[in-house]
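The disulfide bond annotation in Swiss-Prot covers Cys235-Cys237, Cys268-Cys271.
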Amino acid sequence: MDKIIKTISENGSFRAYVLDSTETVRTAQEKHQTQASSTVALGRTLIASQILAANEKGQTKITVKVLGTSSLGAIITVADTEGNVKGYVQNPGVDIKKTATGEVLVGPFVGQGEFLVITDYGTGNPYNSMTPLISGEIGEDLAFYLTESQQTPSAVGLNVLLDENDKVKVAGGFLVQVLPGAKEAEIARFEKRIQEMPAISKLLESDDHIEALLAAIYGDEPYKRLSEEEIRFQCDCSKERFMNALATLPKADLEEMRDQDQGAEIICQFCQTAYHFDQNDLEELIRDKS
């Protein structure tokens, strides 16, 4: 079971979220049949969405769009406050490019562009906020977004580790944020600890990477666990939703599908589920337009 653990330092100066998103990213890889770099890029963006949604309350949805100019194309993910996340990468077939230490690079395949966050509170007026991509490695881009757009100094680590067959071995991350009222000496101490932390990939390789992340973040600093919540890859698509989308098409288009194609098929971009609409389904929509 994937989870996010929310914590706060005992003095109330910082909060930290740590995530195990292994099954979430593994499910995304299986559904989209992504190659190595596409898997890591999509996985990191899914984790970024989970982190942002964890900051919200009520029935809020967070959409993250990584709009790069390179071969991956757009990466779109949507997370809600119930722990659900879905997403896709425009080009799932971008294969591996590794550093000397074996880490999968995604920045060169993301390229330059924008990091766009859409916050939907369910009121019909979603809030858009955008910052430039500074590295394309997603974690740094999320930290820059939080610091610039939300005016909250933040440290972020996200990664997806693959096995020798380029399948997801482990995925997770962390967010550390300064809270109002933190003293300069406390901020400096935490900044030093974050700078000296082992690489996120090393921490994820630990037997219990959740505890390894917390130990690296807090060191000897006392902290409280506020909550532990389940997170998962879960798409909210349905045949009814796509039926409603078909209903917006002109009557002539529906008649063409009925007569020439003997039906229609729609594949959900987010989870690759195929929905089939036979001639009777289309006839029902056509009658509604008469």
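A Cβ is built for glycine as well, from the same backbone N, Cα and C atoms used for every other residue.
All features noted in Swiss-Prot, drawn onto the structure.
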{"residue": "Cys235", "record": "disulfide bond", "Cβ neighbours (10 Å)": "19"}
{"residue": "Cys237", "record": "disulfide bond", "Cβ neighbours (10 Å)": "17"}
{"residue": "Cys268", "record": "disulfide bond", "Cβ neighbours (10 Å)": "18"}
{"residue": "Cys271", "record": "disulfide bond", "Cβ neighbours (10 Å)": "18"}
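For the pair formed by Cys268 (disulfide bond) and Cys237 (disulfide bond), distance between Cα atoms is given as 7 Å, rounded to the nearest Å.
For the pair Cys237 (disulfide bond) and Cys271 (disulfide bond), the Cα-Cα distance reads 8 Å. Each residue contributes its Cα atom, and for Cys235 (disulfide bond) and Cys271 (disulfide bond) those atoms are 6 Å apart.
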